[in-house]
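One structure is given below, encoded as structure tokens.
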Number of protein chains: 2
Amino acid sequence: MLYLVGLGLGDETDITLKGLEVVKKSARVYLEAYTSILLVDKSILESYYGREVIIADREMVESSSDEILEGADTVDVAFLVVGDPFGATTHTDLVIRAREKSIPVRTVPNASILSAIGAAGLQLYHFGQTVSMVFFTDNWRPASFYDRIRENRSIGLHTLVLLDIKVKEQSLENMARGRKIYEPPRYMTVGQCAQQMLEIEEEKKEGVYGPESLAVGAARVGGETEKFVAGTLKELCDADDILGGPLHSLILLGTGTHELEHEYVREFALDKENWDRIWAENYQSKK
Amino acid sequence: MLYLVGLGLGDETDITLKGLEVVKKSARVYLEAYTSILLVDKSILESYYGREVIIADREMVESSSDEILEGADTVDVAFLVVGDPFGATTHTDLVIRAREKSIPVRTVPNASILSAIGAAGLQLYHFGQTVSMVFFTDNWRPASFYDRIRENRSIGLHTLVLLDIKVKEQSLENMARGRKIYEPPRYMTVGQCAQQMLEIEEEKKEGVYGPESLAVGAARVGGETEKFVAGTLKELCDADDILGGPLHSLILLGTGTHELEHEYVREFALDKENWDRIWAENYQSKK
């Protein structure tokens, strides 16, 4: 049996009792470590589980899935995923390959950023499609998020923006020379995300949002040090110090924001006066 | 401290280790039991936790929240919620009342139907706003879901429909006579939901969806007996026997469904030939 086990969002104690039982009985335990991270190190997981944990990087999952699935028709293999196995990313490919080999698959769900983000005080019923923001480079500035946000805003909905992480990346030079030397991990911050969003609006000038659009920056959602900061996109460009370490996410408010949501979120506002002014002018009773 | 503790979706072993620790150390343990249910009885939770569990019905949470919050400034109180505390419903009111009393609040997240539904094979990135379906009566047929689905479909997105549950309801007669006699619990099925959706389309005739619209019926998502059935809304009207017991949910596919999603979901199709025909005619390459 192949088990996809969600680890939740915070630390080693966020695994479910069902998940822990699977980890303890499995012949091999893999940790998917390229789409999200826990707030604790692998060694802490290993000592908590009493098991060796094999890091599965993107290369292994995408090119060597046979290795992961080896023997899973007769023994149990656990594939651990931060958050929920179907949360921020899906592992459909691995499941389809298991199916092809007639390996049964079972999922152990857990908390996902998609619902834990509700702690910001915005109703999950009022979210549209989730988008991702990647690190821009000089010649790669993918902006499809802009159209998705437009769609969400056209019907008044909030947008959750999930932020890029770069783990085990090689510099172009090291890649060209075939040197397996990796850059330190990078986690996009709310400030970087807000900045990139404003750059794209500057380029496209279609008014999907702007520097005065209201948003919430979130850090370490679901963890003990969870932190929310509310403000305009412009204000959030400079709020990384207040938010602290990774992982970050951002919510762009929809114009259909309800009074009750507003009341809850404004508690997190960097500048309550500014927040209230913009709320009254551009959001209140817009849906 | 007031702890909102998610229990996950299946049975007593779906609590996280962090959540279990909170339950064990709390002075009082409440179980919110009117917006969702676990697949096991309260007595099983009590013996698993080694703690008495107080059922908190809607009346208690909405009218007697002071009782729940009593003393929570000095002792720990655990408020258990099936799924994630911010999942299908939010408990914003309780949190706001705790805030007013300067009682600190902490949340222990867990799996929610909002992400666990990904097991159906549809990308969570392609879902719009979630809607709820309530049991219709002769003179109460709330249909706001219809406009929400139209909005989602206008931008190609899937819609998750969460289905009504009726727990501890009184008949009109018993209510009028002040008799505290309660009806047996009722859980809406996929068949009832599909039927009500088609009735509203019949009335409104705006073509938001129809009998041939593709959908997925889901039962006991996240549990060991999780079951998915794919078909047209018309086919799903009669698929309750295949799905089995509660809880049920329904996903209405968006026209933006990707080829990979289609491949995965068609495995669950009641009638693959019919499914493929409708897919090719009305969905493929529509986004």
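Note: Cβ is positioned from N, Cα and C throughout, glycine not excepted.
A TrEMBL annotation is a machine prediction, not a hand-curated record.
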- Which single residue out of B:His248, B:His258 does TrEMBL record at the S-adenosyl-L-methionine site shared with B:Leu9, B:Asp84, B:Gly87, B:Ser112, B:Ile113, B:Leu163, B:Val221? B:His248
- Counting every protein chain present, what is the number of Cβ atoms, excluding its own, within 10 Å of the Cβ of B:His248 (S-adenosyl-L-methionine binding site)? 25
- Per DSSP (three-state), B:Leu9 (S-adenosyl-L-methionine binding site) is coil
- B:Leu9, B:Asp84, B:Gly87, B:Ser112, B:Ile113, B:Leu163, B:Val221, B:His248 bind S-adenosyl-L-methionine per the record; greatest CA separation between any two, in Å, is 17
- A correct count of other C-beta atoms within 10 Å of the C-beta of B:Gly87 (S-adenosyl-L-methionine binding site) gives 31
